[in-house]
């Protein structure tokens with residue numbers, strides 16, 4: 001056997017073993033291992049191995065992007081029943097953005113599994129954020145095709161959803177959403193907002209709102225609209241609760 005073929009065979013054996021260990025780590029065994037390998041195959045690797053029937057991960061990335069948006073949207077819709085469409089959209093965007101996907105990929109050492117061309121390898125492609133985010137999406141696409149939506153949901157329940165529950169994305173929420181997220185995480189009870197007062201002429205109205213948790217006042221706020229007053233009340237409540245933590 002020529003040395004080059006021997007080296008390539010040894011390389012592929014090493015990666016197959018790595019993929020086996022990876023599947024054991026995540027507790028999922030692919031029915032079609034080719035899909036798993038394709039998810040981690042960068043176009044630069046395909047370009048350097050044209051004689052072999054390799055496919056890059058770009059189509060899987062396209063599919064995974066859509067599956068990720070759907071599953072995260074469903075999770076947020078169920079978890080935050082009173083959150084507005086705008087806030088849900090903003091929160092979802094923070095979860096599926098490149099830095100977040102890179103964080104998820106790094107947590108599972110995706111970079112070490114990527115099949116790269118020599119040029120991409122030499123320029124640090126294994127650690128390039130855009131590449132890692134693409135691989136994470138491609139993996140979700142491959143997992144969906146191989147196992148279905150339920151398995152994707154189970155995987156995200158282990159890797160992504162706990163970070164939402166831990167407040168990793170609270171910074172993109174408005175005050176009311178942050179307060180709701182904090183209370184839900186703590187399991188403390190129900191939040192209610194009450195407008196205590198309306199004053200001033202019709203063209204310059206001022207509202208005073210109070211937010212309560214299990215009938216205990218947490219904060220007061222005022223504003224030119226009911227929404228603004230509630231936001232300010234939530235901001236005061238958040239400040240108090242965080243001081244107690």
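Even glycines carry a Cβ here, placed using N, Cα and C.
Site annotation for Mg(2+) in Swiss-Prot covers 134, 137, and the matching candidate from 55, 58, 61, 206 is 61. Those residues of the chain, other than 61, 134, 137, with a C-beta within 8 angstroms of the mean position of the Mg(2+) site C-beta atoms are 57, 58, 60, 62, 64, 65, 133, 135, 136, 138, 141.
Along the domain 'DRBM' (174-243), the predicted structure has mean pLDDT 88.
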